[in-house]
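Right, one structure below, let's go through it.
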């Protein structure tokens, strides 16, 4: 059950990848049909307008996801994917192409902001990184399938048919995912819990083999809603900077200039045949998908920070080499040799990019924010990604035509150098931590006391944490520990009643119970200092015996 749900959810990544990958080869044929060059503003606009749509989609996804849930948000994205793909495949002119690209862009933005959050909320800490990377694997796999299928259509069909079929076929995965929504994909248990649906949340969590006691954080607010103001709080600012900064670095690495414009890059680098640049985009997409698959096994083994550092510094070296070679192509380096060098260097670049800066930003985005702010924060970080993406994608082909390959990649190298500095000083390690531990880590960094207090050894599910100063939540934990109550999760509003049910029948027994809790936390100096206060609070909270 769990594997099928993960695969169905990750289909959104495939749609994201297919629709971003298909435009590379399709545009290379479409430009001849509609009569514009690969360095024209029309060429750049067709790419960039979808990214602008994705920026808007990422913004509105937060409102849909918070108000109606993750599943309806994914359903909206599927509907837009179908409409945009079919409309673009049948487009009679450039204007209709642009409209359909906006629709597809909205779908990409909604999907890219929602699915990493959904996957993070239904996965245990041990497998959370690999699960979110699975979405990236489907994304890069979609780019690979798009490159291969579009190349076949371009080579073996007429100029007005190949690109239309390749784009229109992108509606099929959206239909499949919409079908999966009806029969396989449940709502996020965290979202359900935040809306007060404790029983439904438990039912979903049982199917995923996830301990609902970890999800007590969701009870803090009566609902999850979009509000960007809390993101400016003292313990949230660094998280916003980190998640948004990593998304911007991902785009400034030049990855989507390669995925959108590899045909143009290889053509300018020496592959002057009209078909060869399109065909050679296939091995590049394959390298991206292959090394994203590697990340599934490395992200939870070697950690987020280490993978990021290796990735960004390796990419910087490759970009500098590409820029140097770009200056000498056509002069000291022949086009035949330069084209081969470019192909090899771009392949190595993707091998370094994919398991690090390619997927880790999405993992971190899904991990570092509390439940009630996760949709807002994911919206901001994803908008940062698409904002940087639209800038790079709009400017890149124009720069290629104005200052050539060497000058363009020199600028990208400079941006990547800034990214290396950012990662070195800002990236943190979240490998193996529960969402509560991650929250405490960022609060400590901000000079604030932890929100969750560890009362013993916490398992992978994060049980054993309570929110400091909250007797109601302490009672909720007791309910989670009692098998006789079905491991139920109670909401904050019912916490006092729950405490009464699990407490001992007299004041002295209640006092003894809390003494035992304090003793079990004796390793915490703060707990020792506050034992008397906790004890007295427990006595006051207990029901009095009738006289």
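Don't overthink the numbers, they just go from 1 along the chain as shown.
Note: Cβ is positioned from N, Cα and C throughout, glycine not excepted.
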Are residue 74 and residue 374 on one side of the membrane in Swiss-Prot?
-> yes
Which listed range (3-25, 102-122, 165-185, 277-297, 386-406) shows the maximal number of Cβ pairs under 8 Å with respect to the transmembrane segment (340-360)?
-> 277-297
Residues of the parent chain within Cβ reach of the topological domain 'Extracellular' (26-43), under 8 Å, 6 or more residues beyond its termini = 93-94, 97, 150, 154, 159-160, 162-163, 166-167, 263-264, 267, 277-278, 397-398, 400-401
Okay, the transmembrane segment (102-122) and the transmembrane segment (44-64): do they have at least three CB pairs under 8 Å, pairs separated by 6 or more?
-> yes
For the topological domain 'Cytoplasmic' (186-245), what's the model's average pLDDT?
-> 75
Between the transmembrane segment (309-329) and the stretches 3-25, 79-99, 246-266, 408-428, the largest tally of CB pairs under 8 Å belongs to 408-428
Contact between the transmembrane segment (246-266) and the transmembrane segment (3-25) (3 or more Cβ pairs under 8 Å, separation 6+) | yes
